[in-house]
Amino acid sequence: MERSLELANMTRVQEFVLLGLSTRPDIRDVLFAVFLTLYLLTLLENTLIIYLICSHTELHKPMYFFLGNLSCLEMCYVSVTMPSLLVGLWTGPYHISFTACMTQLFFFIVLICTECTLLASMAYDRYVAICRPLHYPLLMRPQICLGLALSSWLGGLLVSVAKTSCIASLSYCGPNVLNHFFCDVSPLLNLSCTHVALTELVDFISAIVILWGSLLMAIASYVAIGRAVLRMPSAAARRKALSTCASHLAVVGIFYAATLFIYARPSRIEAMDLNKVLSVIYTVVTPMCNPVIYCLRNKEVQAAFRRTLQQS
């Protein structure tokens with residue numbers, strides 16, 4: 001009872017202070033130039049991919065439909081986290097209101113959960129293409145592809161509503177300094193002055209369902225693909241099959257390794273500098289590399305790009 005009255009008399013935190021990616025003034029200018037370039041390059045790459053997929057009928061295939069969704073997601077993704085990273089590098093530690101912080105957290109969780117399930121859907125698409133090629137037009141017809149994409153976005157939205165509501169309902173009495181470059185789950189839990197067991201449980205269960213669930217689906221797809229490839233009679237056929245999966249498998253490995261390390265455990269994370277480095281991997285590096293790995297090295301996309309240049 002006394003503890004409850006004590007908390008009630010405390011002033012609720014109205015804003016947070018984000019320390020940013022680095023507090024060293026001597027390297028902030030260099031990092032600002034680097035990350036601004038990466039941000040603009042990511043937007044350009046993904047805009048190009050979306051334009052090519054929409055404007056060329058030969059790219060109206062399930063694989064490119066998912067890649068278009070992924071490019072759209074990546075543009076939103078970097079636009080949620082990168083501006084605050086750049087502001088921190090330009091001005092140093094800065095203040096963000098409680099409402100703005102929770103809004104950023106909401107959209108970040110929506111997008112990261114959507115990306116998890118979207119990557120699993122892409123793995124399933126490759127599984128059907130390689131293991132059940134005769135049934136591919138039926139199993140990956142437009143209605144199925146649209147359903148998988150909508151399920152990915154809706155699942156991310158529902159998880160984000162649950163997690164953000166729990167985190168926003170906690171009491172933050174001070175201190176209000178977040179050792180991060182955006183409002184993330186673990187730094188916020190570390191600042192709460194109330195019991196966070198229920199919130200951590202919700203966070204852990206959602207990580208199990210979304211992260212581990214989608215990862216297991218991707219692993220199952222690639223195990224089946226591996227078995228099918230080993231049974232192929234010619235080395236040329238095996239190389240062709242593996243070439244369609246290698247890029248996706250590499251990105252899945254990098255993305256899930258970083259996100260699972262941070263989110264798929266119930267305890268709070270104390271090594272915040274390591275947390276920031278890993279966050280850079282999946283909020284900056286992966287969105288920039290995905291278009292190059294998935295599309296710009298793809299022969300069909302390259303051909304569509306050349307035709308676009310010739311027509312202009």
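The backbone N, Cα and C atoms fix where each Cβ goes, and this holds for glycine too.
Going by TrEMBL, these are the annotated features:
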- 45-294: domain 'G-protein coupled receptors family 1 profile' (DOMAIN)
- 30-54: transmembrane segment (TRANSMEM)
- 66-90: transmembrane segment (TRANSMEM)
- 96-124: transmembrane segment (TRANSMEM)
- 144-162: transmembrane segment (TRANSMEM)
- 204-225: transmembrane segment (TRANSMEM)
- 246-265: transmembrane segment (TRANSMEM)
- 277-296: transmembrane segment (TRANSMEM)
With CB pairs under 8 Å as the measure, which of the listed stretches 30-54, 96-124, 144-162, 204-225 comes out on top against the transmembrane segment (277-296)?
30-54
Among the ranges 30-54, 96-124, 144-162, 204-225, the one whose Cβ pairs under 8 Å to the transmembrane segment (66-90) are most numerous:
30-54
Sort out the residues at least 6 away from either end of the transmembrane segment (144-162), same chain, that have Cβ-Cβ distances under 8 Å to it, and list them.
62, 65-66, 69, 106-107, 109-118, 121, 124-125, 202, 206, 209-210
Sequence-remote partners of the transmembrane segment (96-124) [C-beta within less than 8 Å, at least six residues beyond its ends]:
13-18, 63, 66-67, 69-70, 73, 76-77, 80-81, 84, 148-149, 151-153, 155-157, 159-161, 163-164, 167-168, 172, 182-185, 188, 206, 210-211, 213-215, 217-218, 221-222, 248, 251-252, 255-256, 259, 282
